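*Asks:* Sharing the record's features from TrEMBL:
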type: REGION; residues: 1-34; note: region 'Disordered'
type: COMPBIAS; residues: 19-34; note: compositional bias 'Low complexity'
type: TRANSMEM; residues: 160-178; note: transmembrane segment
type: TRANSMEM; residues: 221-239; note: transmembrane segment
type: TRANSMEM; residues: 260-281; note: transmembrane segment
type: TRANSMEM; residues: 287-304; note: transmembrane segment
type: TRANSMEM; residues: 313-331; note: transmembrane segment
Amino acid sequence: MRPVDKSSQDVESQWTGVSPSSPLLPKSQQPQHSPVLNSTPLSWIKGIPFLIWQFTENDFPTFILPNSAFGIFGALAGPRLFSDETGPTVSEVLWRVPIVVIYNWYMTFIFDLANQRGADSVEEDRINKPWRPIPSGYATMEHARLLLLSSIPLAMAMNWYLGVFSEGMWILVLVWMYNDLRGGDHMLRDPLIAAGSLGFNGGSLRLAGGVGRTVNDEGHLWTVMIAAVILTTGYIQDLKDQVGDRLRERKSVPILIGDGLCRAVIGAFILSWSFACAYFWRLKLWAFVVPVLLGAGIGMNGLLRRNREADYATWRTWCFWLIVLFMLPTLSRF
């Protein structure tokens with residue numbers, strides 16, 4: 001890793017509130033309900049639900065819910081995405097909402113464990129996300145490793161039972177490539193994330209529609225189209241993490257092509273996809289308004305407001321924009 005001069009460390013400390021050279025939180029400052037501080041195995045096991053939430057909390061509104069929304073709104077589109085003439089009823093889809101969310105949650109949990117347990121990841125999180133369980137002292141890298149070892153076979157069994165085993169295996173392979181093979185530190189980062197969306201969104205659609213139903217060609221094409229949307233705009237999440245990415249020498253798009261150009265490219269792609277997705281479903285002109293205006297707002301906000309707080313807000317708005325796109329096939333049905 002390249003040396004970082006003291007002046008840049010001072011700037012990063014002022015910006016993030018965490019010094020890159022500071023150790024993890026000392027025991028006296030760690031939360032007393034942390035499973036790490038409980039000596040008995042039973043106490044630590046009781047703390048696992050809290051740990052699961054801590055590992056995935058940041059991804060719940062920005063990853064788990066949008067992926068779930070893809071399947072739910074896709075199932076509500078009925079014959080637009082499924083081969084049978086009627087598709088699932090509204091009550092059938094609503095009944096399956098919890099399992100769709102749970103599927104995305106436990107598969108995201110596996111990704112987060114693999115992603116956050118490495119020494120480099122902990123060092124990066126001390127700058128970008130110091131509230132995460134390991135840098136904040138709630139858990140250790142060994143705890144994360146043990147949880148990962150036990151979670152993978154449980155997830156595989158659950159996916160087999162639910163009928164989404166192939167989608168789950170696809171995600172596990174990509175998790176291995178992204179984290180253990182360090183694909184997430186190179187140009188493969190965004191293609192791997194986009195490819196992962198095929199497993200999350202495809203699994204969500206099958207679960208929400210009912211495993212006995214077959215997704216039609218238009219449904220498969222829509223799933224791939226959304227993966228392309230994520231590939232070309234998903235690096236909006238990297239805008240807020242540039243300091244930690246530079247310390248880790250991660251080749252994210254904002255670092256490779258420059259912050260200003262990256263923001264302009266993201267804005268152009270978001271606006272283009274807003275038109276393209278609405279046109280794909282042959283919607284009325286009024287249905288173009290919300291995704292296009294929202295997309296234009298995201299692009300302008302990214303260009304005009306360039307600080308970490310604003311980048312977080314822009315990223316979360318992008319996640320909401322995705323959900324708006326996911327509603328389009330439902331609109332096309334009704």
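Even glycines carry a Cβ here, placed using N, Cα and C.
A TrEMBL annotation is a machine prediction, not a hand-curated record.
Quick one: how deep are these features, and who are their neighbours?
*Replies:* Beyond the ends of the transmembrane segment (160-178), by six or more residues, the same chain brings 99, 103, 107, 110-111, 114-115, 152, 184, 188-189, 192-193, 195-196, 198-200, 202-203, 206-207, 211 to within a C-beta distance below 8 angstroms of the stretch.
Beyond the transmembrane segment (260-281), the same-chain residues lying 6 or more positions past its ends with a Cβ under 8 Å from any Cβ of the stretch are 80, 222, 225, 229, 232-233, 235-236, 238-239, 253-254, 287-288, 291-292, 294-296, 298-300, 302-303, 306, 318, 321, 325, 328-329, 331-332.
Proximity of distant same-chain residues to the transmembrane segment (287-304), defined by a Cβ-Cβ separation under 8 Å and at least 6 residues beyond the stretch ends, is recorded for 236, 239, 263-264, 266-268, 270-271, 273-275, 277-279, 310-311, 313-314, 317-318, 320-321, 324-325, 328, 331.
Packing against the transmembrane segment (313-331) from elsewhere in the chain are residues 61-63, 65-66, 69-70, 73-74, 76-77, 80-81, 222, 226, 229-230, 233, 236-237, 239-240, 270, 273-274, 277-278, 280-281, 283, 287, 290-291, 294-295, 297-298, 301-302, 305: each is 6 or more residues past its ends and has a CB under 8 Å from a CB in it.
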*Asks:* Which sequence positions outside the transmembrane segment (221-239), separated from its termini by at least 6 residues, show Cβ-Cβ distances below 8 Å to it?
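*Replies:* Residues 62, 70, 74, 81, 190-191, 193-195, 197-198, 201-202, 205, 215, 245, 252-255, 259, 262-263, 266, 269-270, 273, 277, 280, 298, 302, 311, 314-315, 318, 322, 325-326, 329.
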